[in-house]
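Reading through the structure tokens given below for one structure.
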Amino acid sequence: MSLAFCGNENNSLAYNVDRGVLNNGCFLDALNVVPHIFLLFITFPILFIGWGSQSSKVHIHHSTWLHFPGHNLRWLLTFILLFVLVCEIAEGIVSDGFTQSLHLHLYMPAGLAFMAGITSIIYYHNIETSNFPKLLLALLFYWVLAFLMKTIKFAKYTEHSVGLRQLRYCITGLLALLYGLLLAVEINVILGRRYLCFTEATEVKPPEDLQDLGVRFLQPFVNLLSKATYWWMNTFITAAHRRPIDLKVIGKLPIAMRALTNYLKLCKAFESQRVKGPKWIWRALRQAFGRPLIISITFRFLADLLGFAGPLCISGIVHHISKDNRTIQPPLLGVYFISSQEFLANAYVLAVLLFFALILQRTFLQASYYVAIETGINLRGAIQTKIYNKIMRLCTSNMSMGELTVGQICNLVAIDTNQLMWFFFLCPNLWAMPVQIIVGVILLYYLLGISALIGATVIAVLAPVQYFVATKLSQAQKSTLEYSSERLKKTNELLRGIKLLKLYAWEHIFCHSVEETRGKELTSLQTFALYTSISIFMNAAIPIAAVLTTFVVHVHISEEADLSPAVAFASLSLFHILVTPLFLLSSVVRSTVKALVSAQKLSEFFSSDEIGDEQEPNATMPTGPSNHKTIPSGPRNHNNKYQAVVSTQLSHNVLRTLCFLEIVESVVITSGYFTWTDGTPTLSNVNIKVPFGQLTMIVGQVGCGKSSLLLAALGEMQRVSGTVTWNMKRGSVAYASQKPWLLNATLVENITFEMPMIKPRYKAVIEACSLQPDIDILPQGDQTEIGERGIILSGGQRQRIGVARALYQQTNVVLLDDPFSALDIHLSDHLMQEGIRKLLREEKRTVVLVTHKLQYLPHADWIIAMKDGTIQTEGTLKDIQNSDPKLFEQWKTLMHRQDGEFEKETVAESMTVLERKNLRRAMYSKEASKTEEEHEEESVESEEDDSLSQAMRHRTTIPWRSCGVYLSSAGLLLPLLLLSQLFKHTLMVAIDYWLAHWTSHVITIEGQFHHFSTYFSLSPAQYHVFSVLCCLGIVLCLVTSVAVEWTGLRVAKELHHNLLSKIILAPMRLFETTPLGNILNRFSSDTNTIDQHIPATLECLSRSTLLCVSALGVISYVTPVFLIALVPLAIACYFIQKYFRVASRDLQQLEDSTQLPLLSHFSETVEGLTTIRAFRYESRFRQRLLEYTDANNIASLFLTAANRWLEVRMEYVGTCVVLIAAVASISNSLYNHLSTGLVGLGLTYALMVSNYLNWMVRNLADMEVQLGSVKRINGLLKTEPENYEGLMAASQVPDGWPRQGEIQIQNLSVRYDTTLKPVLKQVNAHISPGQKVGICGRTGSGKSSFSLAFFRMVDTFEGRIIIDDIDIAKLPLQTLRSRFSIILQDPILFSGTIRFNLDPEMKATDDMLWEALEIAQLKPVVKTLPGGLDAMVTEGGENFSQGQRQLFCLARAFVRKSSILIMDEATASIDMATESILQKVVMTAFADRTVVTIAHRVHTILNADLVIVMKRGIILEYDRPQALLEKEDSVFSAFVKADK
């Protein structure tokens, strides 16, 4: 076929110019080429030369700065223009098909116009981002020329009576309009930017966001194409391959998306609402965030309507292939014109239109998702900020009276705000679903008549069932949650008390208890799995059931049923579309209900009581009445070395005059009545004065209202009547609460507390609070993280840090609420002297000290004594001695008693030393080794050169090994699972293939015989096979859904059981070197992932993968040519998923890790509310909240954008699959007579690929993250257990062993691990039966290791211990440990009954238990408890005092009645009275037993038969205590002297 611009037929009218050149069609088309050629010639040099050196462009995101007027409109018009030009090209090609020769003029100008259109937008984009508006002149000329040419052509068509029935006429008119509009946009740019015809151009500045290089989330700023395809994310996602994503990489949020901006928007909306209540919240949310939601819903409508193009185009394509319809019309203007009907009757045209419809549908759908999710995230940030600001104003009474707990508030933040966010995500579905269902049913009715309604009814009837299943699912999830929290509580106790359990050989009892709860949890999980499998089954089976019902009814009902492939496969696609909204329905309804409940909760919270604004007192300084003493003006040390900065809030004049004037009151409360609740006042008739610059002490019995008085002064209590006056406007007050409150921050940040660091002052404060020794132990010194997520500190250490914070601040007033309660006497004295008397008094600061330590009263300048919520008396000590001698005498006797105790007490070091020792141990064990994963990472990074690239490679590979571990745990269920999945998908393909075969059969028969009876006689066999296949398919759906869930359950059961068994038998070393939280996480979040998330993800992943594979298989079978095109598409998919998976995993982890600080900031704010408000630090904490919220939100936004990035690309790949499959199968049908049924089948499956491709990749990414849990658990499963077997069997060990309790230690050397140095070296000792032995030595001398060696808790690599003639190394571990008793320094009690705590093995009788309690002096205490021995012990034994807990441990040791008792610093953490009881019991009740006491208070072992002094793992001295004391130079006598 020859080629010519105007065609080369001899009789061609195309060359006829008799009636003027403009009346020649071919010339008109040639004229239209001119503008396009002009643009291409002008712009190409500028594009390639001018922008060749773009690297020099200024880099404030100018590349995304869109500042020309009408920017979005231009992009929109250009997209429409390009689409119309494609239609023009297609129309030209189709109309040219009617003639013998090719007429290039019909489609070549349109092709050039298409190129020019693309060039124009690229050219414009470059000019806009580089800000060279003058270069837009080229486009101005182009639009003018193009508009003129098209208008001339349109006018000529009209003149020659070419009308609306001809498609080319419509296209020409449309193009003229579009070029005109683009010309108007260009003129608008000239008017807006004044770069032409004006003397001065308009100055424009880029928005603030784009000037800030920290803003890297560019979605709001990029052009329309980049917005729709997330093109700007390309560099971000590919960079994730080279470098992990962290907060630095993702930068800051744009201003419009920041929590503060959205919070202000929300507040404005709230203020404009009149009525309060849940509706008030909804109205405010609608007002603040309604607009973007409407945009999202609009996008969703468009996407859903375009979604119906798929079935309609399939129907059209299959229908037109089977008919040959060509009607030739006479040519006009020398060329052929075709109508739009003829145009749309072309199968290829329909294929191209389907391609465009799908591209648009996917783009709109993703845009709808993105806008909804972005709105949801903005809303969450705004509500969280609003909740936080409400917390800052909350009444303390709400918190203390239990109306609002920290847990409830954290739930509001973590759960309820997320429920509202999810509602916003799913909101577009709520509006789009009805439209989708209605349109779908109408189209089905149009295709199938009445039978379609029956099929739709099947789906509709099963929708409520789906809802019922969904509600059952959430109920099952709730009960599972209850059991899993109970199991976690037990696991936590087990792990916390693991040392005791191992020493007493009770680990199996506790293990069984956890397993029992796990059994209940698994039963609940079975219900969950059952309903999940029903849900999955219904998802898969309903479309099959609907199709079966519809087609069978269709064939039976209508006499002339048209079940051609066109109808059958269009219906099939429509059913698939219809099922989606009905399945979403259940989750959308549930989400809506939850959102309504959350709104109700938030409404209640926002209307809860707030603290009243304090009245502004006059800034006058009232002088005290004359009965108060004046301050003696004695000499003072004014050049105080600690006074680094004189408090800024005190004027020098005030300070100077204070010493000479009468006392000025810092705080005055006059006839104050204060209450926490609305009942009787907690404090009544309070009249007090706190003198300025002096030390005031508040004393009184426990519960008399001392702490309340401080809080009343701070304005935290509800004031019923009276006044609180501060001498100046109340500024920041340094307040140390009774229960110390720490931030999740470094130790130094906790002390400086947002104040600048002043080194000398900081050192002085550390010294005053004796914190230096504690800091020295911490791994990073004072830069160590403390608080909830950091190092766990003891009560005393926490209290000293709280006091240090108050001392460091430079406020006028310091309030200390019982700072000595958790401190021993030496620390208390030191703090009193160095901190309060020296640091604070010398700075003339007003100090109010609540205390029980009456021996400090002589240091007070002013004393307030309280009793039962009223002021008993106030004044100086001398005043009180004169006015209330009885009270003074009472104090005096108490002071003496306390002093007497202090003289002989040396708890002093004891407690602190113990705290430090515990801390040191924790630190030592943390440093000594790391968890499995860190080892793995280290081994990856050990090679020097490749370390980073290797680590990156490590990140990009899927953890196949973990997948293997997971699947191998399934056992025999695995082959069942695989086979059922394969069979199911094979059957699905068979059903659709049979449908194709059946419907094609109809056509061929109809073609041969023109009456229907023959068809009907053949048909039953066909549809019977179809029915059987469908029923089998439904059954297999059930089998696979059950198989997946049951496999998941089996694996969950196996992994948890194995993990628990391993952990229980693991050596103590594991628990010392692995943070408890890490092990607990394996049992909590990781087990939860394996229980509930992996099965669902696995099911989704296998389904989407097999669907894609089967679809690609079917398409390749229908048109083998498709395989060639498949290769580049597969490569594209591989790279897209490879890059996405890495970025997605990083972003998911980042989102999780940024949520943690946000939630803990809420909980720590609630807990430290009084402190924050006392310091007046609300604004600083609000600022920090905004930072945390923004960090979490930007991670969420980037994750959303990354998901959209993937989905857009995968769906575009899917649309390419549809286009290629369509074109290939149409060609195959037209030229190789492929049956129409198979064409329909191929296209239906091609549509499915585009749906399931991104599901496959998303699930793969999720699976990868979730398999991390399996990997971490597997890491712990590799732990080597302790060697529980012995050379002797348990039966060989004599029953009563050890009877005598004789211990021989020969040449003993032990270490904690084979990699560590020995802690005991060549130790030899002999302990006779019944001897009381004391072991002492400094911290780290090996005393505790000595006791652990008896239980084989440490690695004995040399020597042996022989007890009653048996070498303990030969005994089974369980037997050995069950024959000794030990009392540890930390008393450990478990939740359960007292009976269970004393005897978990349930071997002892009640009499034996009561006897043990009597010996431990606990019988009276237990008798008074309800239930006696069956009284409950709370978690950790919190309902008993520390001393009582230690006595319970003694009773526990006694119950065991073993002849050897080991006391490991058992008296360290108890008071003198309890200690003396303990000593007495040991001497009497254990008189005939061997007792080994490890002591750090040497006076406790002075009565021992034998003393062993240790140093660095060797025995230094070994003799009777008297003999050692007689030697002046003995270490033991030095210890005793130091201890006095």
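Backbone N, Cα and C atoms are what each Cβ position is placed from, and that goes for glycine too.
The compositional bias 'Polar residues' feature in TrEMBL is assigned to 617-635.
Annotated compositional bias 'Acidic residues' per TrEMBL: 934-947, in sequence order.
Residues annotated as domain 'ABC transmembrane type-1' in TrEMBL: 294-594 (among others).
Under the heading domain 'ABC transporter', TrEMBL lists 667-893 (among others).
Taken from TrEMBL, the feature domain 'ABC transmembrane type-1' covers 976-1264 (among others).
Taken from TrEMBL, the feature domain 'ABC transporter' applies to 1303-1537 (among others).
The region 'Disordered' annotation in TrEMBL covers 615-635 (among others).
Annotated region 'Disordered' per TrEMBL: 924-950 (among others), in sequence order.
What TrEMBL lists as transmembrane segment is 33-52 (among others).
Residues or ranges marked as transmembrane segment by TrEMBL: 73-94 (among others).
Feature annotation from TrEMBL assigns transmembrane segment to 106-124 (among others).
Tertiary proximity for the transmembrane segment (136-154) is limited to same-chain residues at least six positions away from its ends with a CB under 8 Å from its CB atoms, namely 22, 28-29, 31-32, 34-36, 38-39, 42-43, 46, 113, 116, 120, 123-124, 127, 169, 172-173, 175-176, 179-180, 182-183, 186-187, 189-190, 195-196. The transmembrane segment annotation in TrEMBL covers 136-154 (among others).
What TrEMBL lists as transmembrane segment is 166-185 (among others). Residues 70, 73-74, 77-78, 80-81, 84-85, 87-88, 91-92, 95, 113, 140, 143-144, 146-147, 150-151, 153-154, 157-158, 332, 337-340, 343 of the same chain, all 6+ positions outside the transmembrane segment (166-185), place their C-beta atoms under 8 angstroms from a C-beta of that stretch.
For 301-321 (among others), the entry in TrEMBL reads transmembrane segment. Tertiary neighbourhood of the transmembrane segment (301-321): same-chain residues 344-347, 350-351, 353-354, 357-358, 360-362, 364-365, 368, 431-432, 435-436, 439-440, 443, 447, 564-567, 569-571, 573-574, 577, 1222, 1226, 1229-1230, 1236, 1239-1240, 1243-1244, 1247, selected by CB-CB distance under 8 Å and a gap of 6+ residues from either end.
What TrEMBL records for 333-360 (among others) is transmembrane segment.
Taken from TrEMBL, the feature transmembrane segment applies to 422-446 (among others).
Outside the transmembrane segment (563-585) by six or more residues, the chain places 307-308, 310-312, 314-316, 318-319, 322, 426, 429, 432-433, 436-437, 440-441, 443-444, 447-448, 452, 455-456, 459-460, 462-463, 466-467, 538-539, 542-543, 546-547, 550-551, 554-555, 992, 995-996, 998-1000, 1002-1003, 1235-1237, 1239-1241, 1243-1244, 1247-1248 with a CB less than 8 A from a CB of the stretch. In the predicted model, the domain 'ABC transporter' (1303-1537) has a mean pLDDT of 81. Same-chain residues lying 6+ beyond the ends of the transmembrane segment (422-446) with a Cβ under 8 Å from its Cβ atoms: 289, 293, 296-297, 299-301, 304-305, 307-308, 311-312, 368-369, 372-373, 375-376, 379, 452-453, 455-456, 550, 571, 574-575, 577-578, 580-582, 584-585, 587-588, 591-592, 594-595.
Most Cβ pairs under 8 Å to the domain 'ABC transmembrane type-1' (976-1264), among the stretches 294-594, 667-893, 1303-1537, belong to 294-594.
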